[in-house]
Amino acid sequence: MTDVVLQNIEKPDTIRRDLLDPVDYQYTGHRDVHIEIRQPEFTSVCPMTGLPDFGTITIRYRPDKKIVELKSLKFYLLQYRNVGIFYEHVVNRILDDLVAVVSPKRMEIIGDFTPRGGISTSVSALYEGLA
């Protein structure tokens, strides 16, 4: 049964960074803002069992010249729904993709995942730019 389930999950290389749309931040050089975005309905798939994983993804960042357009972020995050990927890789992949698209001064991604087998997991990854 597990083999059948695992055949239907997608690989992480199907996640498309190009779905993320950067938008010009109009206050560059005038004022720093701290942006926090939460996606409380994040889903991915356990690559070992093929069962769904659920969690909240929190994105905290200080933009430089670009911010991420929220609808594009929504569709980007929806891609993970059928992807077999470990929690630690989810958080790092989201961080890498967002940093590549918006080049923030600082960014942190936090994944708070619901308990599986009685164990809850929280994973965070941090980028600190040169600015």
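Placement of Cβ uses the backbone N, Cα and C atoms for every residue, glycine included.
Listed features, source TrEMBL:
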ACT_SITE  CYS46  active site, thioimide intermediate
ACT_SITE  ASP53  active site, proton donor
BINDING   VAL68, GLU69, LEU70, TYR87, GLU88  substrate binding site
Quick tally, other C-beta within 10 angstroms, ASP53, GLU69, GLU88; top of the recorded positions is ASP53
The rounded CA-CA distance in Å from GLU88 (substrate binding site) to ASP53 (active site, proton donor) is 13
Checking the recorded positions CYS46, VAL68, LEU70 for other Cβ atoms within 10 Å of each Cβ, the smallest tally belongs to LEU70
CA-CA within 10 A of the residue listed as 'active site, proton donor', subset of binding-site residues VAL68, GLU69, LEU70 in residue order, equals none
TYR87 (substrate binding site) and CYS46 (active site, thioimide intermediate), compared by Cα position, are separated in whole Å by 9
Cβ density check for TYR87 (substrate binding site), other Cβ within 10 Å (all protein chains) comes to 18
CYS46 (active site, thioimide intermediate) sits from GLU69 (substrate binding site) (Cα to Cα, rounded, in Å) at a distance of 28
Rounding to whole Å, the Cα atoms of CYS46 (active site, thioimide intermediate) and LEU70 (substrate binding site) are apart by 26
If we take the residues VAL68, GLU69, LEU70, TYR87, GLU88 that the record assigns to substrate, their largest CA-CA distance in Å comes out at 24
